[in-house]
Amino acid sequence: MNDCAILESLCFSLLAFTGFDLLQESDSAFRKLLCSLLLSVTSIGSITTVFLGIIITGLWKHNASLGLIGEVNLLVLFLELLNQLEVTVDWMHLVPIKLISRNASARPAVVNIGAMFKFDSTIGRVAKIAIDEALKDVNSNSSILKGTKLNITLQDSNCNGFLGMVEALRYMATDVVAIIATDPTLSSLEFPFFVRTTQSDLYQMTAVADIVDHYGWKDVIAIYTDDDWGRNGVSALKDKLAKRRCRISYKVGIQPYSTVTRGDVMDILVKVALMQSRIVVLHVNPPIAFKVFAVANHLGMMGNGYVWIATDQLSLVLDSNSPFSSDIMDTMQGVLTLRQHTPDSNKKRAFFARWNDMTGGSPGLNSFGLYAYDTVWLLAYSLDAFFNQGGVISFSNDSRISSMVDSTLHLEAMSIFDDGKLLLKNILQSDFVGLTGHLKFNSDKSLILPAFDIINVLGTGIRQIGYWSNYSGLSTVSPETLYTRPPNRSSANQKLHSVIWPGETLSTPRGWVFPNNGKLLRIGVPNRVSYKEFVSRIQGTDMFKGFCIDVFTAAVNLLPYAVPYKFISFGDGRQNPSYTELVNKITTGDFDAVVGDIAIVTNRTRIVDFTQPYVSSGLVIVARLEKQRSGAWAFLRPFSPRMWIVTASFFIIVGIVIWILEHRINDEFRGPPKHQVITILWFSFSTMFFAHRENTMSTLGRLVLLIWLFVVLIINSSYTASLTSILTVEHLSSPIKGIESLVTDNEPIGYQVGSFAERYLSEELNISRSRLVPLGSPEDYASALERGPGNGGVAAVVDERSYVELFLSSQCKFRIVGQEFTKSGWGFAFPRDSPLAIDMSSAILTLAENGDLQRIHDKWLMQSTCSLDSTEIETSQLNLSSFWGLFLICGIACFISLVIYFMQIFQQLPPAPESASSTGPVSSRSRRLQRILSLLDEKEDQSKSGHKRRKVDNDGDEELGSPPTRRERSNSNRNVTWSTT
């Protein structure tokens, strides 16, 4: 940056962050002070250091009571800050507002306001007219300021650094109370008296980032003005993109001068054209923007595939200077730009009509003009409240200045605005509706509810495609409508109207192409020494072959664009390389991608992106199996111990239930206790063979028996089938049943060198590393398993299924035991957010759908020589989990039948005799229990119909004079005898 630019920036820094009055000094004293400031640093050799020492470190702040911070020597501070600080504030986007009052009265007749900007600029031309109109409106309104008039002094900076600094120092005779600025790095936390009365570029860059994320783009290119405004805006954009997992892949600055030539712009755009991204964010002032679009159009960069997003500087020019010539508009077709949103209102429409009457539409009114108008009213309202609260515009000197600095600097002439805090308070408490909408400040001293219009340049004009608001993101509905609803930033709620992109297409550009810079994609490939069917290096060449290589090549051939690449071997060729280290090479920039049998695991997905898996794979256990002999107790093996216990219990339970239901009506379930216990057991277990001879007479008993016989049928069939398989088919067994038994045992475990299985076993399953044995080839697998843990081998090998299946295709002595205990797959690795990973995933899915992936698999991996026709791996026993539904149904049937039966019994229970009520409660309950037991034991025909029949017979016998029959006496005696027992 040249000296003029430095002085220009320092001018505004000094205006923004100091508050001293030099009106008491003459012009000669003022010039003397300026010369002293400049000459005092000649020995240091940096003008910047002096002003940074004064401004940035906060030696002088806008503070009503604090003028100097710290008891330090100013010249010593200059030396310490030399070459350590560099801060500038953009000239074009600062409009300083100053209060000037020569009288220390409560309500002065005139309050002077100073404004400095370039008159001959898009913002300046509009702002000058808007400020003048606001001044007229304020001074003509008798309800505000009550007799005090505002007077605005405008100063043209002319974008000259030195002259601007001189004029700024002249304005230091008055106090700075507010600045209009879009620079996102200016913060009220750092500068307490900084108030922003327009939207910050921080929100504009958030809107740009949301647009990029909405269309699924990941990389953007930033072209910006190489000054503080441009650099700070791009820095804010970078942060906002990072939150959405997007990034600026390339950025380039353009000198902020009108002397930038077409050749300078062409050199920049040629470099941009060689980049991968096709999303260009343009953050420059309008004259440079027009040059960029013209050169880009000449280079074919305004055609299909490109996306141009310009910040609001372009919309300001389009609003103020339309219509443009067709030559200029033709170079901007399809460009997206932003415009600060101001809600539609009657007041705004009236001012637009008034503006057109005044200017004839040239220049056109833009958003900065509306904000400038409202800023004057903001100061008017704030000053009115300031005076109403007793505020006085007065200044005082700080005695510490003259005692701490060299007198040649004449800093003792500076004074402090006494009631700065009160005026600031009134500004921040402002709450009114202006041309720009609801004007109110939040806790950050920024305007509430920031929003932008999103505009598409089309034909000879512009077309609005939507809005962005900090409240709900992107929408096709105006922000004012959304403010009445709950905020919703879900992806489904982010919408924009269709866009006419560069090249006059409605199809959303992919946003990137393979870079046309002559560089080949560097693809790392593992140099394996085992399982070379997956990937192996061709001897004497840099080429590779194998299943993984064929899949990658076929997928690349399906891409709609060419991908030049070269394979780079990774590994020494003596043992399999570490795949984790191979993937990490992507993050270090050594490789642009990794191709091979790369497992997609959690710790790798944190640093790279994988394609869609082209192989499903997970960890399995391989063990040696031995022939299993049937043995003397083989008949017990079909069922698990729990299954045996539950089955036996249900046999007994069903027998007891049937006895209860049949005892009162079925003579076959009556008799002495010993006889009935034997009957219960015999009946229960005879149902296993359907050989029970006792008949059931009750409906409930028959229902229970029917359900139980169905359960027995299923159990018998399952037992018979399992036992037949055990006795007739040769089985292979292993003491290892799955991952659980492998973890609890203390036997050594083998794993493949370079596989993620080692980390998983040690870190996830907490298996001691001393138990883990690295194995480098299928031959090592077979040898270690043959020797077994007792002879220096291993009990089992843990590896991915794809390797294991290839291993077992030629090793018939070993089998997979247990279930696959992890689920993963193989994919190709790319850098985070690489668009190539997405396109490759689509290509892999296409290979799977058209059958090419299966054909490649069969070509390399269908080589089995083993047969399992005559042997089977030991099957699991039949467990209770396979039959609990049947037992549940049977149990419910038994329970319901018993409930119905006992309800019938209680209905038949006779009432207690009246004489029993005279006894105690314990005796009453005992008698009731005896009646229930007696009723349960009684035979039903005697207690009901039999009793009635006996009464009739007795009456007849008395008439005929004959005794009861022998059978009746026998039954009666037997029943009485059973009851007393």
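Just so it is clear, glycine is given a Cβ too, placed from its N, Cα and C backbone atoms.
Residues or ranges marked as transmembrane segment in TrEMBL: 35-58 (among others).
Residues annotated as domain 'Ionotropic glutamate receptor C-terminal' in TrEMBL: 522-863.
Per TrEMBL, the feature transmembrane segment maps to 643-661 (among others). Listed as Cβ neighbours of the transmembrane segment (643-661) (distance under 8 Å, sequence separation of 6 or more from its ends, same chain) are residues 636, 669, 676, 679-681, 683-685, 687-688, 696, 698, 700-701, 704-705, 708, 711, 715, 877-880, 883, 887, 890-891, 894, 897-898, 901.
Residues or ranges marked as transmembrane segment by TrEMBL: 673-691 (among others). Long-range contacts of the transmembrane segment (673-691) within the same chain: residues 651-652, 654-656, 658-659, 663, 705, 708-709, 712, 716, 981, each at least 6 residues beyond the stretch ends and with a Cβ under 8 Å from a Cβ of the stretch.
Annotation comment: TrEMBL describes 703-727 (among others) as transmembrane segment.
Residues or ranges marked as transmembrane segment in TrEMBL: 883-903 (among others). Taking Cβ pairs closer than 8 Å, the transmembrane segment (883-903) reaches residues 643, 646, 650, 653-654, 657, 660-661, 700-701, 703-704, 707-708, 710-711, 714-715, 718 in its own chain, all 6 or more past its ends.
Residues annotated as region 'Disordered' in TrEMBL: 935-981.
What TrEMBL lists as compositional bias 'Polar residues' is 972-981.
Taken together, the residues of the domain 'Ionotropic glutamate receptor C-terminal' (522-863) have an average pLDDT of 88.
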